[in-house]
């Protein structure tokens, strides 16, 4: 008789081969047809809300691995919260104004842009941005991200621009917005301010000089600075040191020079000066406030300030500060330390009277004269030249300069705004916790916020200038009037309409009372655009109440979106816009290097998706400790395919052995489950509990490790291996088989749900193969989280099994040794003799005597007092070949082989099954 046909072998249509790349597209189409986003929300109608608010990526190119990481993380959170019973809307957004887009458009347009009006350039920018909104939308959807893709928020849309202006109006009304001098890019040949998008970088040969500044207190004590712009020295007012860097005081002749310790060798090598005689080491902060003699004008002084932007890449770690000619110089020198803005250069790039003897000289021509003067004064340490990348004007291709001009600012201290923000920071939950201190220190130290940009592509600042008296006016009434226009026509109206149409009919200059104005053309910093998203989303969407539950972005956003959002929200609404902030690290290559095209180490997420499937990318992310920087390469991604295969095979085995299991008719009550099955069900509860804790703390890599270990070591290598005999050999409807199936069914459903937020495609596929009674919804994404059942955990049983599984490890070692010696082939060829180490273990083995053969997958287990061959911690183990004959059906050895005519060559158990006598 062919006994194989009497076994209950697994049957399933769930394929072994995933074919992810094609299968994922099928599910995407199905989700589209069912209107997945709205369907899932409908299933949570009336449930409590959880709102993760999307930080908008720039619509200036295809998505990269960083944006993919960010969106998948958000998707995991939203899907988990949905399964926990929350109504979790997710509205994606796009940041569509600003430099990155204007820069790309100017590159595409080339020379043509010079003939175009601001309105025409803006139209091109809008087309470019919306094109990439559509591209990125499809790419994000391909990753399996669920969201309201048809109704995103887009910062260039009129209804959003109105909200930007509304938030800005509040700041103006509160008196937080003011106008002041600030250095910006200036082209002396074109005589115009330039936006960053109008800057091109080319190689440029500049002087490279080291200059020593003499202390006012000690004529032999000097700080050595390095600069490539000698022409800015007449505007010098300070010297910046890093507060925490170590600086060496070096004896050179009779003089003492201060140079950053880490740069001493490079300095000596370049200048040929011996710096080996270090007499003292100090921190930058030790010199704060000290006065030094100005290198050009002996009657002026230069004060030491501290700045954390000072680097140890080149120079001396001591930076000459001219707030009139540099952005950092301005922020640290003028805003933080109150140093004066000296900018003795006119619009043609010539020195003014303020520069003394250099008056009338073109700045580049003055470089050589200044170097000679420094040499004559004995303070030029070394001079050479350097070729470096330097900003040039895109119009005339000449080098540009930084020159102080008027700009708009938000005062962060007016109305106690900074203090209010700090108080709100402490009310927010920061994950990881160090995020709180990071953003706190940034807020504590930040200067006033420069919000004006000399760019075309942005939200215009609705300021006007009186033609009669020159007063620049920023008035809430003008902003409000403009907002009404924007609602209908968008912000392009500012660049297209005459000024008379843009201001209220009765509006006059508050200074002179006249009504003759011209438009100012500055635009707002794009961080105000994105920072105002809370106002748009909470006023336009009923399912987004203020404050929002979570913001989730990269850790650079402590300085960016988290920062701008909390300032604007505190100003507008009086509190932080978020309750919880979760941050992730950055993606590096396998060697921990930053990704760059020049290194050739960039991983394109869509390339991964097309080669392996989005599921593998999602699995890679889940495997990563994303709170820190994450490493990726195609090799690292490929490693996940093997993990994926193991997980998939686990589900295939479960589905295959549950094909005939009706969850309503065939379920075995908990109290009737067999011992091993009760243990496995208890273990599942522990897995559910831990997985839930890890998801709640957003530690997805711990979920991944837990599940992978569970699938490979506890299921495949233990429980599922152990119950194969019962599943295949016992009668189809017997308690022995149905007991195992009951627990396997629980494992299947729970494991599917635990993995659904991460493996969104594969768990949908698993769901589609479930018994129809297990499918309550159209999608697994609408299912509820598995319930943790404490009553299913028998603590004594779990403790006993810890010892039994330890003994099992020793048995497996002993079996392997005998396999190597060809004593046995399969483990069922074996009889295992156990020698307990003590009476407690003996009692344990006696208690579970009936399940030991099944647990060890052997034909016989006996206990003995004699010495065993393998010495374990709890037992000694001897393995020998089992006596008797091999059952032709279950392969166990027995001394009672059947001689029945109908069923010859089988063991008593199989004979009973075949006769229908074993239930």
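Cβ atoms here come from the backbone N, Cα and C positions, even for glycine.
These features come from Swiss-Prot:
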BINDING   553  L-isoleucyl-5'-AMP binding site
BINDING   597  ATP binding site
BINDING   887, 890, 907, 910  Zn(2+) binding site
MOTIF     57-67  motif ''HIGH' region'
MOTIF     594-598  motif ''KMSKS' region'
Inset, instruction - Just jot down the residues in the same chain as residue 907 (Zn(2+) binding site), at least 6 apart in sequence, with C-beta under 8 A of its C-beta; none if empty. - result: 887, 889, 890, 892, 894, 896, 897, 898
Legend entry - Across the motif ''HIGH' region' (57-67), average pLDDT on the 0 to 100 scale: 92
Legend entry - Long-range Cβ environment of residue 553 (L-isoleucyl-5'-AMP binding site), under 8 Å and at least 6 residues apart: 55, 70, 560, 561, 562, 583, 584
Legend entry - Spatial neighbours of the motif ''KMSKS' region' (594-598) far in sequence, C-beta under 8 Å, 6+ residues away: 65, 586-588
Inset, instruction - On the DSSP side of things, how many residues of the motif ''KMSKS' region' (594-598) fall into helix, strand and coil, could you say? - result: 0 helix, 1 strand, 4 coil
Legend entry - Cα distance (Å, whole number) from residue 597 (ATP binding site) to residue 910 (Zn(2+) binding site): 66
Inset, instruction - Run through the motif ''HIGH' region' (57-67) and tell me, per DSSP, how many residues are helix, strand and coil. - result: 3 helix, 1 strand, 7 coil
Legend entry - Close in space, distant in sequence - residue 597 (ATP binding site), Cβ under 8 Å, 6 or more apart: none
Inset, instruction - Could you tally the C-beta atoms, other than its own, that fall within 10 angstroms of the C-beta of residue 887 (Zn(2+) binding site)? - result: 24
Legend entry - Any further residue of that chain within 8 Å (Cβ to the Cβ centroid of 887, 890, 907, 910) of the recorded Zn(2+) site: 729, 888, 889, 891, 892, 894, 906, 908, 909, 911
Inset, instruction - Let me know the most crowded of the binding-site residues, choosing from 890, 910 and counting other Cβ atoms within 10 Å. - result: 910
Legend entry - residue 910 (Zn(2+) binding site) in three-state DSSP notation: helix
